[in-house]
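Over in TrEMBL, the protein carries these features:
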DOMAIN    3-179  domain 'UmuC'
BINDING   7, 101  Mg(2+) binding site
SITE      12  site 'Substrate discrimination'
ACT_SITE  102  active site
Ligand code: TTP
Ligand code: MG
């Protein structure tokens, strides 16, 4: 199997810089303006000051007073995202879009996969002016970590063994799915690198982290992962979810995340839906969903976000939250522009 992960560089900011070229080379952040506003993304210039995604905008202003703040324009990001994802599908038949600015591509069967990806990146730049980073590997985990390794404009090709060797000295936190709390618990066991983690006996990890998480940690450290793409089909629902680096206990913070997920979901929604649901996973892995069906189909972020917040308040998570998700379902009209090549079984 050969899988690529493509991720746009500083996506929201880069879209903004296309129409405000005078801001190029300056520290720029895209964030709302309210007291609870968080940074969605920062230009690489602003990142040098320690500004990063999900940071309260007020803190970003303290770290980098010169930063220029731009309010988010989700419609613009959605439009560029569509353009990028259409280009991906022009080049590769099997594509799994996992966010507005990232996707996995199945390169198996291509004669010259690396060259195909280079062409794709050049096409994206030509069509949108934007830069993307690519990672290529035998599974999604290797591809994802590789795409992040040399941002911006990175292009990193690794075998599984190559990934193990290259990142052996890195913190276990480099790997998606290993958050700061786990990193801390590993450090307490003297395991501070991915190399050490990969050599730890599974039983020892399972004793400390439980059967499932212990097994999962070892597999991730060894860069074993799935190469299965979830191909698009006639959607019965669309969702966005996020696993936090650090479990979130604060309700206001949970609500801010839920609002952002609702904004992102609605920005990419192809059709309005009548059922709005949330998914909550607690730090003990208890996972619940709560749904409500409303009278009128909607794709409005305020409506979806409002219902999502209601559902969260009604559920009132009793423990810190590990994952939050929002889903819209109950679409009336059939999906537009269904691509037969991507079609799985009819539902
Ligand atoms: P990312 O791909 O994580 O970040 P990025 O594209 O800005 O930068 P990088 O070059 O490191 O890939 O996220 C894509 C977009 O999603 C980002 O531009 C803004 C949005 N986003 C949020 O709104 N909140 C967040 O916490 C994160 C991480 C991203
Ligand atoms: Mg990105």
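Here, residue 1 is simply the first one shown, and the rest follow in order.
Including glycine, each Cβ sits where the backbone N, Cα and C put it.
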Packing count at the residue listed as 'active site' (other Cβ atoms within 10 Å of its Cβ): 20
Candidates near ligand 2 among the recorded positions 7, 12, 101, judged by a Cβ under 6 angstroms: 7, 101
Residue pair residue 12 (site 'Substrate discrimination'), residue 101 (Mg(2+) binding site) - Cα distance, angstrom, rounded: 9
Which same-chain residues, if any, lie at least 6 apart from residue 101 (Mg(2+) binding site) yet have Cβ under 8 Å of it: 7, 8, 11, 77, 81, 84
Three-state secondary structure, the residue listed as 'active site' (per DSSP): strand
DSSP three-state assignment (helix, strand or coil) for residue 7 (Mg(2+) binding site): strand
Neighbour-count leader, CB within 10 A, recorded positions: 7, 12: 12
Integer mean pLDDT for the domain 'UmuC' (3-179): 95
